[in-house]
Amino acid sequence: MRVAEAFRAAFGADPETVWHAPGRVNLIGEHTDYNDGFVLPFAVPWGVTAAVSPREDGVVRLLSLQSGSGPVTRERLEDSAGWERYAAGVLAMLGDRVRGADIAVDGDVPQGAGLSSSAALEVSVASAVNEVYALGLTPMEIALTAQKAENDFVGMPCGIMDQAASALAKEGHALFLDCRSLGYRNVPLDLAAHGLEILIIDTRVHHELADGEYAKRRAECESAARALGVPALRDVTDLAAALERLSGNERKRTMHVVTENHRVEALIGLLRAGHPAETGALLNASHLSLRDQFEVTVPELDLAAEAAVRGGARGARMTGGGFGGSVIALVAGDRVASVRESVSAAYSAKGWREPRYLRATPAQGARKVG
Ligand code: GAF
């Protein structure tokens, strides 16, 4: 394994363990996780592999096959920057129980595609460190540690979806997660049996304002919940009455979150009933709600979703936080070429860079690989 060889070359011994953790796409349930709502992501075949050995001397050495880095000490984790912050954050959250570590990571999540390479990095490192220090954390506790690292150390106020998908997903399944109770179920997602697939359309666009806008949306949702006197927007039961009491952005955000939670439940109902091809309308409705009510799409995402449907997709929506990244399209196998042609032609007519196309099959969550 490449990462184990790099570890040996850099640190002079074999790693004690090697873990792989994947990125994710979200089938539906967008911007619902931090509103205590429902999400339905699945793990993608790309991720981060982390080779780790413990150290007793308080030193942490981090090495990435994708970018250079140097040794840091346990006390200086706070000074780390770039990709290292995600790994350092995990170690910092685990506290004094983790004395030091040698860590080498190798990632193949397409960068900037909104497929959660950061969650994959956090969860792979946390899973490996959990093993070598015998911390006894469950996969959900690993996800929560990774989320805390991102919230408190990296400074991104994300919800639990990405880390939970990376830690808990099962091959061939989507992960239905209740972000309040943290109860979850692995829902079978055998699209191939129905002649369908999920095509990822990576717009290759990433807007720098993404993190600031994310934090703003989260604050608007929290303020709407406060105005309505409920703990979270998940608790809105009478949408019409709630909307009457709100205005402006708070009204729009509430409309999205409440209807999106319903769409997650409706989509699971269709999957359970064996009708995955019928889920397209829910995907389209989700995209329109993210565009018009939650206002997190950009023209590149809107055009990719529209052109995919025009080219024969059953449905399409942006996936992840928004402001760039990817659209997922539900496509019958024999329509993949026409969907790609339609999107590429629409992009070319605008003079935009050709998007990248990837096939998403539901992969396994974090696992020991060496
Ligand atoms: C990003 C966040 F990290 C997730 O927690 C989630 O809120 C998502 O955006 C939107 O659904 O990926």
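For all residues, glycine too, the Cβ spot is worked out from N, Cα and C.
TrEMBL does not curate its annotations; it predicts them automatically.
If you check TrEMBL, you get these features:
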DOMAIN    5-54  domain 'Galactokinase N-terminal'
SITE      ARG24  site 'Transition state stabilizer'
BINDING   GLU30, HIS31, THR32, ASP33, TYR214  substrate binding site
BINDING   SER64, GLY112, ALA113, GLY114, LEU115, SER116, SER117, SER118  ATP binding site
DOMAIN    90-168  domain 'GHMP kinase N-terminal'
ACT_SITE  ASP162  active site, proton acceptor
DOMAIN    268-348  domain 'GHMP kinase C-terminal'
Of GLY112, ALA113, GLY114, binding-site residues neighbouring ligand 1, Cβ under 6 A: none
Rounded inter-Cα distance in Å - LEU115 (ATP binding site), THR32 (substrate binding site): 17
DSSP-derived structure type at SER116 (ATP binding site), helix or strand or else coil: coil
Around the Cβ of GLY114 (ATP binding site), the count of other Cβ atoms that are within 10 Å: 29
Proximal residue to ALA113 (ATP binding site) among recorded positions ARG24, GLU30, THR32, ASP33, ASP162 (C-alpha distance): ARG24
Among GLY112, GLY114, SER117, which are recorded as binding-site residues, the nearest neighbour of GLU30 (substrate binding site) by Cα: GLY114
For ARG24 (site 'Transition state stabilizer'), the one of ASP33, SER64, GLY112, SER116, SER118 that lies nearest, given that the binding-site residues are compared by Cα: SER116
DSSP three-state assignment (helix, strand or coil) for ASP33 (substrate binding site): helix
Neighbourhood of ASP33 (substrate binding site), C-beta criterion under 8 angstroms, separation at least six: VAL39, CYS158, GLY159, ILE160, MET161, LEU177, CYS179
THR32, SER64, SER116, SER117, SER118 as binding-site residues, winner by CB count within 10 A: SER116
Maximal Cα-Cα distance (Å) across residues annotated as binding substrate, namely GLU30, HIS31, THR32, ASP33, TYR214: 12
Span of SER64, GLY112, ALA113, GLY114, LEU115, SER116, SER117, SER118 around ATP - largest C-alpha separation, Å: 20
